[in-house]
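J.: This is the structure I have questions about; it appears just below.
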Amino acid sequence: MDRGLSTGAHQGDDGLRERTVASQSSSAPGLEALTATGEGEVKDKAGKGKKTYGRTPGGKVFTVPQTHDMVSQLLSPSEPKNLSDIIVLVILAAHILLLWRLPAGAKVPVFAFIYLFWRGAYNAGIGWLLHNQSNHRTLVRWAEKTKIFVNPATGQNSHANLYKLIKRELKTKIPADYSFEDAPIEYNTWLVFRRLVDLILMCDFTSYCLFAIACSQRPLDEGTLMTALRWSAGIILVLFNLWVKLDAHRVVKDYAWYWGDFFFLIDQELTFDGVFEMAPHPMYSVGYAGYYGISLMAASYKVLFISILAHAAQFAFLVFVENPHIEKTYNPPPPRKRTIDQENVSITPQRSDSPSAPAPLDEQVPHAPSYSSGPPPSVHNLLGFRNLDLYRTIDTSSILIQFLVFALTVLTPSTPWFQFLFVANAAVWRIWYSVGIGLVLDRQSNCKAWTRHFVKYGESPQEAWNQWKGTYHISMVMCYASFIAAVWKMYSFPADWGYGLVLLRHVLGAGLIALQIWTSVSIYESLGEFGWFYGDFFFDESPKLTYDGIYRFLNNPERVLGLAGVWGAVLITSSGAVTFLALMSHILSLGFIQFVERPHMQKLYGRSLRRDAGLTKSLKRSLPPSLQQLHGSVDKIFDESFEFIEELIDTARPKLAAGVNTFVKDTSALFQKYPARVTISRIDEDLAGYDSRDYSLEVEGTDSLSPNDNDQSGREGANARMPLDRRGDLKNLVFEYGSPIKVKWTAPLNHSKKDWIGLYRVTDNTSREVTRVSSQGRWIAVNEGSYDNLTCEKGIVSSDILIPASQRKDNENRDLASGEVIFSGDKLFWTQGVFEFRYHHNGKHNVMAISRPFEIRISRFDEDEIPLMDPTSVELSLFPVVRNCFDRDPQIAPETVDEPFGSLVERDGRYAKRIVFAVHQMFGIEFAPEVVKADGNVHNLARRICNAKRVLAPYSLTKNGATTPTEGKE
């Protein structure tokens, strides 16, 4: 419902800390710009309303009639009512009646269960339906299979009464511009889906309110003033929630409210205003403020906790259902660049700042280095658990330092002396993190002091950048580790959780901590590694501001939200010392923004900075003119005050800079399978009449270049060294890694339309009659339209082609049906091994035929023939493997060794992982997937392989020293 979709792009003109995002395409605004799929009318030049047009996935264009929201349809007397409305109203009335009739002791548990049921139906039920509709068009396929929208007069629909009921229900709700018979099946399916959504959403909200009523109470020791304040705050939150819902519906209309883009798209101009300028995904974030308002009015922790649970479930719905669909629908990867700028290639065939493999060692000659002004490619990121690398000094140092800090925290007593030490330590680190780092960045902004220091000793700007990232990372880790340690020392476990506001303080504190974590993650997602570490202080090439993610709504999210967690710690501890640390942290953070970030951003971006973010604009528009003028006067006072402080600091800056410079010179820096699934084998008892001799599977694929590698290594006995004696002309099937595999099948003419073919390892199944291992998505149906998803039909080439009995090789006199399917991409095993295909009966796991076993093998590069690792030879060997790893998709697979990879490689890590596995098997070199993304084409990757082989040659265990320490040929 929320969709979070009307967060579209708007042209900004100011903002801080929204830095240049290196190595990111400008496609990000495309996601935001196209995700507000409101159903407002497209208007002509005269301003007259025009019709809205929709487009189905098949390309059919139709008129989208005007519809109304569910509350108006159900409760407004002016709206026509039908059977489904009456059913919903009766169910709602039953909920209210149940609350009235239940005994007092049963109301709370019963309505807690009822609400959790409807909340599960919303987030899990509707989420499952939408997920399958997005990926497999499941709801539309159900409608196609049951033919419920087909006129029974045609003889194709046997449910005449159901057809009449649905037709009457839909036409009653949409009297104009709607024809049930002519509307696309996608639109009719969406209308039926809406009725289910109406039922679930109305019951969800009603049961929540009834649960709150059942839990409502007034604390015994609460005064009249506190009661009035509690109810006033609750009512304000509920009214704010109501405004958010109404304004969001005004913008997105019913189309996005009911997830219409899961079924079809509409052609119209997009509008971005109101609540969608205030917060990301407002219906799922600030749109749940009313839940906490109701919790306040009910004065019940039960209502508060169930509200938090519901809010968390709604965010899970957003993350796992809506966001993947939005990304797929509105932000597809840009097409791959098929041509290369020949002029640039001829002049500078290998730019120094391009993400390419390093030059061979023997080609390097002493000369003055030329430094690139552009940022280095981001290959090995620093932040995040997935980027943790214990071989990297900064990561190991961070872990060791944190371990020592927390060990000291736990092992030392919480006496006043130790509490003072830990608070002082946290204060020192906060001062360094804000003031010390701020001075370093200020000197870097004005005179490139940090970079000059490393260039002075012959290092590159990239090395200065890497060292800076380590320094900043350690400082940030120690700042927060020391703060957490101080909080731990000042915290005392409550003796009575029910006393006063103890429990509420802990809940609010945990919420603020979660808010800071979410803010930090959002900032990192928007800025990337480059912006997080203030990359535009170090590299000035082509500065460009981007306002997306959290920066669409706030210029400086770290100004308030970025420090919410420290105030959460204040609430939890109720300690004066922690309050002092939080206040100091906030003041220093504001000073850092004002005196370090703002001057640099103004110098670098000038007038391209916007003055007001989306939230600020919305709040200003809501103020009366007199208050807007007052706001401007206050801003002027603050600006003048900050200018005075800046002048004061400028006067004292030389002395401070000299001290910091001495300190820097005299100090040296220190320091993911799918969960196992229980698979129940489904055995069909109705196998009578099917002859297994009528079923067969024949496999065809691209033969491996060296299918006989290592067949005879000299380790065998005398008899085993003799040439292989084959009885027949069948040879071993050995296919290339990742190449598509064609499977030809035969079956009786009366075979089940739900038959399917699966791919398995030969060792996975001990039974030849029943498959007891999950295919994990590696299966294809033999007929189209038999299953409720489209994925299983990808790969079908032909079905039910008649083979006369005269053409059978086994001399049987029965005709057969035949077909072809092609397994490719995700339907293959991306590893080496021996595999087989199995033909299964009627959607179950009964095996009717098994193919010949075949091997998937990656041919090892023959270094004896080319001992010098010629890059051209490596390119020729690597190129077909890379194309296979990219599923031979023209959008991402290159046509030549110099063509760049498609942009999807940057988003989906599986492609790069396939390549690094193949490289490891072919050349004995292990790369990280990020290397493939950074190199960008086969040519650069081949050069990197050659260089790596040369570098590691001295450590080789083979005779000629041409390979790395791996299992070599003997």
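Heads up, the Cβ atoms here are built off N, Cα and C, so glycines get one too.
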J.: Using Swiss-Prot as the source, do S84 and G223 end up on the same side of the membrane?
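T.: Taking the topological domain names from Swiss-Prot at face value, S84 sits across the membrane from G223.
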J.: Below 8 Å between Cβ atoms, which of the listed ranges 417-441, 474-494, 563-583 makes the most pairs with the transmembrane segment (390-411)?
T.: 474-494
J.: Under a criterion of three or more Cβ pairs within a distance under 8 Å and sequence separation of at least 6, are the transmembrane segment (301-321) and the transmembrane segment (86-106) in contact?
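T.: Contact absent: fewer than 3 Cβ pairs fall under 8 Å.
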J.: Between the transmembrane segment (417-441) and the transmembrane segment (196-216), are there at least three Cβ pairs closer than 8 Å, leaving out pairs fewer than 6 positions apart?
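T.: Contact criterion not met.
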J.: Below 8 angstroms Cβ to Cβ, which residues of this chain, lying six or more residues outside the transmembrane segment (196-216), approach it?
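T.: Distant Cβ neighbours of the transmembrane segment (196-216) are 1, 70, 73-74, 84, 87-88, 91-92, 95-96, 99, 107-108, 111-112, 114-115, 118-119, 121-122, 125-126, 258, 291, 294-295, 297-300, 302-303, 306, 310.
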J.: Using DSSP, how many residues in the topological domain 'Cytoplasmic' (412-416) fall into helix, strand and coil?
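T.: Helix, strand and coil residues of the topological domain 'Cytoplasmic' (412-416) number 1 helix, 0 strand, 4 coil.
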J.: For the topological domain 'Cytoplasmic' (584-970), what's the mean pLDDT in this predicted model?
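T.: Reported value for the topological domain 'Cytoplasmic' (584-970) is a mean pLDDT of 76.
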J.: Residues sitting near the topological domain 'Cytoplasmic' (412-416): Cβ under 8 Å, six or more positions beyond its termini, same chain?
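T.: The answer is 489.
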J.: On the DSSP side of things, how many residues of the topological domain 'Cytoplasmic' (217-223) fall into helix, strand and coil, could you say?
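T.: Here the numbers are 0 helix, 0 strand, 7 coil.
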